[in-house]
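**Student:** Supplied in structure tokens, the structure appears directly below.
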Amino acid sequence: MICIPVIDKNINDALKSAEEALKVADIVEFRADLLESVDKQDIEKMAKYPSIITIRADWEGGEYTGDNNKRIELYKTAIENNVKFIDIELKEEKNKELVEFRNKIGSKTKIIVSYHDFEKTPSKQDLMEIVEKELKIGDIAKFATMAQNKNDLLKIFAVISIYEGKIIGIGMGEVGKLTRIIGVELGSILTFASMEGRSSAPGQVDVVKLKKIWELLK
């Protein structure tokens, strides 16, 4: 699966961007934390699209600085509307509450539990421990770490292979681009690609280039 992040500041622009992105991608990620303001009605509109809804907290590299209880309630709105995925941080103390809420109401939403390190890639053992913690909470484990060398790539590829089909593993930065290209082949459920030069993280490959590379690798 290819996922294109939607990073607009205005909800109407975000919905238009999603429609364009879905012409070339399988799914979009609405970065709701990047909106100038976000309410339940906005979440309901986003949930109608094949999407991941992410309201990334500022302490995990996002831009949401509002009340955390409101953030959790917005996630619950996404779950009530059966959005395909939500992405909640491993460090968020209320992540289990969202899983329990999903289970209680019988929502079809899958919960991605994520970890980010914008400076380095931890050891393979540490990455595996992170993934194990994430899978004890949610449906899909995600890690995005800064890749600085070939050893980092090997660690990332190894962990993706171990948890094939229930993981999103990403190496950020220029060195990490290779993980975005072949991670899906090794077992990552999706990769994030940019569109028209707009990206949400360092190292995202343009969607058109990514598809051309995949064609060459067939």
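Any Cβ shown, glycine's included, is placed from N, Cα and C.
Swiss-Prot feature annotations, pasted as is:
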BINDING   Glu29, Phe30, Arg31, Arg56, Arg180, Ser200, Gln204  3-dehydroquinate binding site
ACT_SITE  His116  active site, proton donor/acceptor
ACT_SITE  Lys142  active site, schiff-base intermediate with substrate
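In terms of burial and nearby residues, how do these features look in this structure?
**Tutor:** Residue environment of Arg56 (3-dehydroquinate binding site) contains 21 other Cβ atoms, counted within 10 Å of its Cβ in all protein chains.
Taking a C-beta cut-off of under 8 Å and a sequence gap of six or more, His116 (active site, proton donor/acceptor) has these contacts in its own chain: Glu60, Gly61, Glu89, Phe143, Ala144, Thr145.
Sequence-distant contacts of Lys142 (active site, schiff-base intermediate with substrate), defined as residues of its own chain at least six apart whose C-beta falls under 8 angstroms from its C-beta, comprise Asp87, Ile112, Val113, Ser114, Tyr115, Glu134, Ile167, Ile168, Gly169, Ile170. DSSP assigns Lys142 (active site, schiff-base intermediate with substrate) to a strand.
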